[in-house]
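Residues annotated as transmembrane segment in TrEMBL: B:12-34, B:55-79, B:99-124, B:186-210, B:222-250, B:270-294, B:339-364, B:376-402, B:414-436, B:448-469, B:489-514, B:601-622 (among others). Annotated domain 'Cytochrome oxidase subunit I profile' per TrEMBL: B:40-553, in sequence order.
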Amino acid sequence: MNKCKLLMASLVIFLTGCNLRVLDPKSETARDQSFLIQFSFALMMIVFAIVIILFVWFLSKYRENDQNKDYIPADEKGSPWLEITWTVIPFILLAILAVPTVSITFEQSAQTESTPTDAVLIEVTGQQFSWTFSYQNGVETVNDLRLPVDRPVEFTLRSDDIIHSFWIPKLGGKKDLIPGETRRMIVTPEETGTYQGKCAEFCGREHTKMRFTTTVMEESEYEQWLEDMKEKIE
Amino acid sequence: MTFELFNRTFFIATDVLFAYIVLIGTGLGVLYLVNRANKWSVIKDYVTTTHHRKIGVLYLLSATLFFLRAGIEALIIRMQLSVPENDFWVFQGDKFNEAFTTHGTIMIFFVAMPLLIGLMNVAVPLQIGAQDMAFPYMNAISFWLFLAGAILVNMSFFMTASPNAGWTAYAPLSTAEFTPEAGNDYYIFGLQVSGVGTILAAINMIVTIVRHRAPGMKMTRMPLFAWSTLVTAFLILIAFPVLTIALYILMFDRLFGTSFFSGESGSPIYWQHLFWIFGHPEVYIIIIPAFGIFSDVISTFSKKRVFGYTSMVVAIVIIGLLGFMVWVHHMFTVGLGPVVNTVFAITTMLIAVPTGIKIFNWLFTMRKGVIRLGTPMLFAAGFIPTFVIGGVTGVMLAVAAADFQFHDTYFVVAHFHYTMVGGTVLGAFAGIYYWFPKMFGFKLKDGLGKAHFWLFLIGFHITFFPQHFAGLNGMPRRVYTYTAEDNIFIFNFISTIGAFMMGIGTLFFVLNIYKSFKDPDKCGNDPWDGRTLEWSVPSPAPEHPFDPMPQVNTVDPLWEAKRNRGGKLPVANTSRSAPIDVTSWQPVSFYGVIMLFSLSFIYHVTWLQIVSGVMVLAFFALRTLTDEHTRLAKEGENHDNV
Ligand code: HEM
Ligand SMILES: [Cu+2]
Ligand SMILES: [Cu+2]
């Protein structure tokens, strides 16, 4: 029965296409990415539609039948005008796509951004097969990430062993953790809630289980939680 | 499972045990059948051959077997992922990781590559009017090196040491510190050995095409499959040595304690660069020949020459060139900075332009033609919409910031199966149905072929279309399970159903081959009303097929001859001398030696490394001293001197 419900519920998602985590952004970063996905999808649907229309049209119109069975089609080498058309139009479509691609990619490459003044700094360490999060006041958690809402968070990403990749689909794309190097990522969660986090780079036996939960809370709650955790260690 | 033997307890996983039983069972069955039908002479014939058609058949046969093996792995993966929190057989954790690693590795290197190289061997010499490949002996060596590599990767499973770091073998996971077992050594030696074979095959293709075209067959009159073979051969010549180097360095890291890919001065990112500088051209290496096949098939089955021949050629050349300038699109999330990311995003998008040109040229080849939907054409027709979906998602992935989301999710898995199954595999099937008469003298059955096509194509879309959504809903690739809250159950469940449909489709293909051999429909030289030279020679193609040598005056010489000359090709007054065909046990013995050599390194047996190393060198010496040219010159025969 449970399985059945699950099946129905997911069928609805399947048909509406919404609610997919990547397309249900909770930060500006993820929203921009979601926009790019939908924008590129729309542009590409134009191409796809044209190809399918021509494909169905030609295939049905020129299919062999009793009338044309013995007909030898006229020799036709090509057509410079047509060929130029389908060289130039894709260029234009791609140029249109390139503009937001370049601007958003630049915007999102955190290495070039300076740390925002009111940022929360969190150190993220990946190891086979768990995540350690250290907060500014010395608190450390495992696979349990807490963030305040509406404040920029700067993650400093490091790996203890091999390459992992830090990913919270609703808050933004992933960034790799490279052993011996440091990466940064900045996001500002805009809504409270609990979001899934995952390791996205295959890292060995239990890669599948290398997940964490992200809880975005009100600022005051967050401060309270940090205090409580701090007391626990002391 | 554990058992007692000689007072010791042995452990063997049930899947390996099961595979042993199946392998030994079918092995004995095949031996029995061969013996009963008294076919040992045929086997000897093929094992010692250096003839291009027979070597082509060997490639295709082994590729089909490996396709079945890697396909079974795909079904196992799909079984494990069919429902949330599943525990299918033993396939969780390492076992699952091994399954997708060998699935991917075998599909790319030992299925896609040999399917295409096999078809090139069968068709290209005949298409351009060559009597054989330029270097028949080397051609056999290429095949046996390929097979040695393939068997190494395949046997790892039976030695309970499958590679387990993904087909990309990212360091440092693939270094000895994290995966000390023999598995990734099998990967290194398997790919290294077969890679050498592939490079030799590429050299052979280039020389054959440059030197052995029939009189009058200018480059601008070559069929598009021959053109795509030429471009592919150059890509192989440039890309595969990069893989050789990468594997060589990784071998040093694993076996001899260097640290190129880890530690203070090394970096794991070097591996990614090397791997993808090879890896991206590699995906074009396995798609461009398929493009060539589709061009020939669509033109033949529409009774028209291909639309825009020149732009078709220019497009594959540009795709080949751009293919070397896009590798960082696999590394957008590494953090190489915005400039690098956007430059590579744009070069990647640019590849869509020549690819689009090809798609529209194919569509306009069909326009105003008479389209016969024989089985090869069905595969070509199924390819167009399927591949366009793969191309469209490819452009979406090129958008660097969007790829931060897509990267390493099932969206990517869906994308590359749309291109590799929708392009390479459909292309190989089209080619096999198309050229089968040239290999054996009879066609594959049309009815079974149609069943194969529809089951495979529909199954394909059912399998891979939902995976786009699974990816967008946050499912990373290379995971062996997921939870109910992930909300990806339905996508995975549908996907598993589709995979089994593809499996049944593939069984129809095997059945088709069996039935067609049992009850062959003999079909003459020209079963499809062909346009190019290969349809002017007898089926199956004999040795020295072009006698007298035709004079070529157009892109589709046979078609022109059928329209204007009653089917007789004009005869050339100059003739090309033929490469020297021999039969030799040397190539297959070399296979044995190189296997021994590789195994001695995989298992660190120093004395055997020395012995087999000396044997390899001895083989080089032996080959250097055998010279067919002097022998033939003494006998006064006309032969080719390349
Ligand atoms: C016959 C039907 C096929 C099915 C059902 C299938 C299924 C799959 C699945 C489910 C995965 C994802 C494994 C994971 O990420 O956990 C996968 C990976 C892969 N497949 Fe296939 N596949 C099929 C055919 C092919 C073919 C024909 C090719 C290539 C020519 C191919 C190449 C790959 C590669 C390269 C990977 C990546 C392996 C890795 O992550 O290291 N597959 N396949
Ligand atoms: Cu991981
Ligand atoms: Cu690529």
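The backbone N, Cα and C atoms fix where each Cβ goes, glycine too.
For the transmembrane segment (B:448-469), the neighbouring stretch richest in Cβ pairs under 8 Å, chosen from B:99-124, B:186-210, B:414-436, B:601-622, is B:414-436. Long-range contacts of the transmembrane segment (B:376-402) within the same chain: residues 290, 293-294, 297-298, 301, 329, 332, 341-342, 344-345, 348-349, 351-352, 355-356, 359, 362-363, 411-412, 414-419, 421-423, 426-427, 429-431, 433-434, 449-450, 453, 457, 460-461, 468, 528, each at least 6 residues beyond the stretch ends and with a Cβ under 8 Å from a Cβ of the stretch. Within its own chain, the transmembrane segment (B:601-622) is flanked in space by residues 152, 182, 185-186, 189, 251, 255, 586, 589-590, 593-594, which lie at least six positions past its ends and keep a Cβ under 8 Å from the stretch. Outside the transmembrane segment (B:99-124) by six or more residues, the chain places 52-53, 55-60, 62-63, 66-67, 69-70, 73-74, 76-77, 91, 130, 133, 139, 142, 146, 149-150, 153-154, 156-157, 162-167, 187, 190-191, 194, 198, 201, 205, 208-209, 225-226, 229, 232, 282, 285-286, 289-290, 293, 420, 424-425, 427-428, 431-432, 435, 438-439, 478, 534, 541 with a CB less than 8 A from a CB of the stretch. For the transmembrane segment (B:414-436), the residues of the chain that approach it from at least six positions outside its boundaries are 60, 63, 107-108, 112, 115-116, 119, 122-123, 283, 286-287, 289-291, 293-294, 296-297, 300, 374-377, 379-380, 382-383, 386-387, 389-391, 393-394, 397, 442-444, 449, 452-453, 456-457, 460, 463-465, 467-468, 471, 509, 516, 528, 534, judged by C-beta separation under 8 angstroms.
Note on the domain 'Cytochrome oxidase subunit I profile' (B:40-553): mean pLDDT across this stretch is 94.
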